[in-house]
Amino acid sequence: MSTGVPRFGARLAEAIARHGRLCVGIDPHPHLLQAWGLNDDVSGLREFGSRVLEAAMGRVGVIKPQVAFFERRGPAGLAVLAELQQEARREGLLVIADAKRGDIGSTMAGYADAWLAPEAELAADALTVSPYLGFGSLRPALEVARRHGAGLFVLALTSNPEGREVQLARTEDGTVASRIAAQAAAENPAPQIDGALGDVGLVVGATTAGLAEEAGVDLTAGAMPLLAPGFGAQGATAEDLRTGFAEAHRQVVVNSSRGILAAGPDVAALTAAVRRTAEELAD
Ligand SMILES: O=c1ccn([C@@H]2O[C@H](COP(=O)(O)O)[C@@H](O)[C@H]2O)c(=O)[nH]1
């Protein structure tokens, strides 16, 4: 990268060091829009996003908008997401776009350009990607991310129980999840300094991290950043995170969406929920 901007792993490590490991999830579920007294339309999305952003700014280092809830409102919904991401990044927050993109060849490159090229309207710092068309199908996204100093989070041991049927399936070389994790780890050069994180990481649920050992997933390999959804609303606790991730705990960024959003619609109440959650996750 020629811009002088640090790579994603370095930006994330700095954000965690400064603000802790909480990532605020921005998931404008229809039921939350209703509960907040907002319209289930683009005006509701915009207001929802702006209140969560206000609560998050200066208190956490990372946000994770759930793309699906913006996409359901079509191009206008995505335009709201683009504005939100741009504002968050201007304010120094890292944005992980949770779009779970996965395809082959130039189509995969198209997705990566849409979410990771700096000039793209929807540019984020990192993108969640699905390796279930084969890890190699992610190559174009890995190249785009590398070119722009962006990050990727590869779905490995997702937080939902249905994921196990695929991710824990055994091949002659180990479980599917262990192979994905090893291939993702190999994308990160050996860390030069203590505490560094790679640019290519995994999604490992706070609810499923405890399965990593029996699944043969080496969470410490490649100093991968680990995005852990499943905390709070899906039932995982801070203790589950500590025991589940064990030595890899320092690499973890913990998403909480509904656990925080349930405190809305008041920005003051959202802010208090962000603070409380961050304290719960403090090392
Ligand atoms: O394995 C995964 C991958 C992604 N997610 C997403 O994270 C949030 C979780 O929301 P909560 O309200 O905190 O449960 C949501 O956007 C999911 O799509 C996940 O849960 N598990």
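The backbone N, Cα and C atoms fix where each Cβ goes, and this holds for glycine too.
Any TrEMBL annotation is an automated prediction that lacks curation.
According to TrEMBL, the feature domain 'Orotidine 5'-phosphate decarboxylase' maps to 21-273.
The annotation active site, proton donor is assigned in TrEMBL to Lys100. A C-beta separation below 8 Å, combined with a sequence spacing of at least six in one chain, links Lys100 (active site, proton donor) to Thr128, Val129, Ser130, Leu155.
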On average, residues of the domain 'Orotidine 5'-phosphate decarboxylase' (21-273) score a pLDDT of 97
